[in-house]
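**Student:** As annotated by TrEMBL, domain 'Major facilitator superfamily (MFS) profile' applies to 22-462. Annotation source TrEMBL lists transmembrane segment at 21-45, 65-83, 90-108, 114-137, 149-169, 181-204, 273-299, 311-332, 339-358, 370-388, 409-428, 440-459.
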Amino acid sequence: MCTIMGFTERFLPKQDRYAALLLYGMVLATCFNGYDAGIMTVILADKQFISYYHIDPNRTGIIASIPWASTGLAQLFVGGTLADKLGRLWALRIAILVTIIGVVIQIVPNTFGILIFGRMITGLGFGCTYIATGLYVSECAPTNLRGSFVGTVTQFGYQLGTLIAFWTGYGMSSYTSPNNIAWRVSNFVQIPIGLLFIAISFWYPESPRWLLEKYPEDPNHALDMLCKIRAKTRDDENVQLEMHELVASRQFRMRYATGYMGLLTDKAMRKRLLYGTYAMALQQFGGIAAVTMYATLIYQSLGWNNGSQALAINGIQAALQLVVVLVNTFSVDRFGRKPLLITGFAIQSLALLVLSSLTTSYPTNDNKAAAVAEVAMFFIVGLTYCWSNGPIPPAIASEVFPQHVRDKAFGLSCLGQTVCLLALTQPWPTFNAQVGGKSYWLLFSLNVTALISVIFILPETKGISLERMDKIFGDVDVVAATEEITNKTQTLQIPEAALTDVKSSASHVEKTPLKVVSD
């Protein structure tokens, strides 16, 4: 009983139960994205799809990677701007609708060119969804649980989507009549998932941090949303303290340029952008996208090509990965981001070393024991990714930037992920076909490189509020700086009509109390 209560308390903490339920609902958005990636793994091995579009290794690479080209466009210009102008929730709804349009284009009978166009539309929506989801969760999650919430929502939802996709593809694989029905129906199934989230999202409160940034003349609205998310009243000490940090941080940042200008013209912000881009690159630097996207083809190439063996192995792996994601929920805010990344890359490097040795020693797949061990190594790589370098990078990239540049900066940081993904997934089918089992030595080398870089480069962000993140980069702690100014002037400009209930509770934690002034 105690174990069950502890498990429940971790996922639904008493003090933040409403926020937890709210943020876990965002799983549907990332599930929608995960399904798209997962179903293409199955479709690329569908014989009727291969025949319909005359698929060869080069076309396989194009189909798998082309969405990430438009995802990069979203990360550069569209996703951050949409989230800034319309808010996190409306950006998310529009992004999902765009992805649905791309899916519909892929389903209808068409040419290879139209298929690629549909994939590009899907990628555009995918990039915007990823940005808006990451921003919303990081801005609404409690500080002490931010890493677990961001990681769980992004990775658990993604893995849930791939699990549904794999078993949908497996179930449809036996349907060969009418012609091309299996891959079209499999693709269609993701649409209701996206529509369901859009419907649910209208019950969600907007991010209070975005509201304060967008409507500073009415901080009362941001305070109401904060109270709703925390399920507390205005006179709650924790709500007052959090609102204190939001207002103090914003007042200090009023002297800086916002958006792309504030991000690219400020040396300190450029430094953080490098950290954010590097963190997101870690997610795909080890080649997990190539392993995942072509998993069915890889298992077939390793000798698991009788009937639906490869699809079944995929489905089993997806089910295990869904469970293992929850390790991140328990560990990331306890042990920190950096130790888990170091451990994860070390395990993946070791598994890929064994895998590469086996595929090099048995290139013709004539040893059954070696084939089983190879699958086991792939499982270890995939399972480790789900609690390490899968969920942790987006948590880091969404938390290291101040509010006035966060939406644009997070979007640009995601380019690190996209560049690595494109560099590995597009040429992988051709590279693997030419090099064979020795191709996995490349992935081993990349994971070792990532491991070394994390040890020497990555900062630790565990337990630091978004408004106090500056201090780990050697910058001014904007909250402390504002409090120092306030101590000298004895006033922090919070309109009385807007925040009459924000009192000086911060004094209980040795902070300078807020002084309400008249309009």
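Heads up, the Cβ atoms here are built off N, Cα and C, so glycines get one too.
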**Student:** If you count Cβ pairs under 8 Å, which stretch among 21-45, 181-204, 273-299, 339-358 touches the transmembrane segment (149-169) the most?
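**Tutor:** Highest pair count goes to 21-45.
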**Student:** Which range wins on Cβ pairs under 8 Å with the transmembrane segment (21-45): 65-83, 181-204, 311-332, 370-388, 409-428?
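**Tutor:** Of the candidates 65-83, 181-204, 311-332, 370-388, 409-428, 181-204 scores highest.
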**Student:** By a Cβ-Cβ criterion of under 8 Å, what residues six or more beyond either terminus of the transmembrane segment (181-204) are in contact with it?
**Tutor:** 22, 25, 28-29, 31-32, 35-36, 39, 42-43, 46, 48-49, 89, 92-93, 96-97, 99-100, 103-104, 106-107, 161, 164-165, 168-169, 172-175
**Student:** Can we call the transmembrane segment (65-83) and the transmembrane segment (440-459) in contact, meaning three or more C-beta pairs below 8 angstroms at a sequence separation of 6+?
**Tutor:** no
**Student:** What is the average pLDDT across the domain 'Major facilitator superfamily (MFS) profile' (22-462)?
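**Tutor:** Mean pLDDT across the domain 'Major facilitator superfamily (MFS) profile' (22-462) comes out at 87.
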**Student:** Can you tell me which recorded stretch out of 114-137, 339-358, 370-388 has the most Cβ pairs within less than 8 Å of the transmembrane segment (311-332)?
**Tutor:** 370-388
**Student:** Do the transmembrane segment (339-358) and the transmembrane segment (114-137) come together with 3 or more C-beta pairs under 8 Å, pairs six or more apart in sequence?
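**Tutor:** These two stretches do not touch.
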**Student:** For the transmembrane segment (273-299), which recorded stretch in the set 90-108, 370-388, 440-459 gives the largest number of Cβ pairs separated by under 8 Å?
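**Tutor:** By the under-8 Å Cβ criterion, the transmembrane segment (273-299) pairs most with 440-459.
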